[in-house]
Ligand code: GLY
Ligand code: MN
Ligand code: MN
């Protein structure tokens, strides 16, 4: 256990020691002598020489933080120092890959690779070798096992609980993303459209677009009602009413995933009230985070809170219980309450019970819920309740048995505001939780 005052290097050293010990134990339990992890490589657009975007394999990034490294390998062979083969071709078209430095250079053996393809077999003495990564089974060296499911389940489980180093990375990522959200809000207040808000966000977070952990969602007015809205209008609308920004930052491979929703002076007063209502119950849900809490229960409680807000604001005229029961709240919010967060925005392990990978599927009514586990100290989760006007989902209610349960004139008034989502990133601690999505000074590292 490291302490708050430890340096980033001390935490990173402890992180790598933890991984070495955990990998040794997992490999021994599963009867492997070594595992070779491939970072992956970008595809090439068809009939073109331009590459697609790239993000390194999570289990490779877990050790290296190098999410931009392509064609690299990491050999974990207990008894020897982990060996990082980093691809550094002789290439005058691109800047040469620099050798990793700092704690990584201290704790891993580094070996440059001039060519793509398998690392030299001379250092791999495993009788039983696992290889993990996005590779073709037909290309496996003789006897190697590609992506053994039990091994992947155990390694995914290791990613579920974040150590001090990882929490620190998530904290720093959050601090940058918060600065970006502030810039986005200011740009919106100045009359900027979606593209200019995106550019203001990137400038404030010091990221190019290929570095963000997921494509920023920046929706003005009805675009805020498309859950993963993927465009940026160049021009601002004549009457900007609302802005939803779901945008993050990556620090050493760890992602922030934050959403804020803003109402402009042109917004319907009810929309502002709904934004405040969602914020209020988001805080109440966060206040309950602690080890032992079943995330599926918390997700169900999000629907109860949402139903109560719809009743209080007279959007619906049936009881809160009836609104949940008939599925109406799921039409207003079809996604899950949150998910595990780490190297991947939707991090691995959220739907398994244990390190054997015992499946923990979501309830039939909540197929989009990505985290179905009982919480435990070290888990980092998002809490992101929403409330949207999505005509496609509301249509069956509008034209069905519940048509009198909803005040459709109010729904229509809100439609050009799109929707609301409020999303924070929270660590579950031994005695409760720590919300990373709060303004604090950027700590060292
Ligand atoms: N940014 C995607 C999500 O919130 O899950
Ligand atoms: Mn998000
Ligand atoms: Mn999220």
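Don't overthink the numbers, they just go from 1 along the chain as shown.
From the backbone N, Cα and C atoms, a Cβ is placed for every residue, glycine too.
What TrEMBL lists as domain 'Xaa-Pro dipeptidase N-terminal' is 13-155.
The average pLDDT computed for the domain 'Peptidase M24' (173-429) is 98. As annotated by TrEMBL, domain 'Peptidase M24' applies to 173-429.
The annotation Mn(2+) 2 binding site is assigned in TrEMBL to 246, 257, 423. Within 10 Å of the C-beta of residue 257 (Mn(2+) 2 binding site) there are 26 other C-beta atoms, taking all protein chains into account.
Annotation source TrEMBL lists Mn(2+) 1 binding site at 257, 339, 384, 423.
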Cβ within 8 Å of the mean position of the Cβ atoms of 246, 257, 423: remaining residues of the chain near Mn(2+) 2: 217, 247, 248, 258, 259, 382, 384, 421
Residue 246 (Mn(2+) 2 binding site) CB neighbourhood, other CB atoms within 10 A: 24
Output field, Mn(2+) 1 shell: CB within 8 Å of site CB centroid, site 257, 339, 384, 423 dropped: 246, 258, 259, 338, 341, 345, 382, 383, 424, 425
Same chain, 6+ residues apart, C-beta under 8 Å of the C-beta of residue 384 (Mn(2+) 1 binding site), given in sequence order: 259, 282, 335, 337, 338, 421, 422, 423, 424
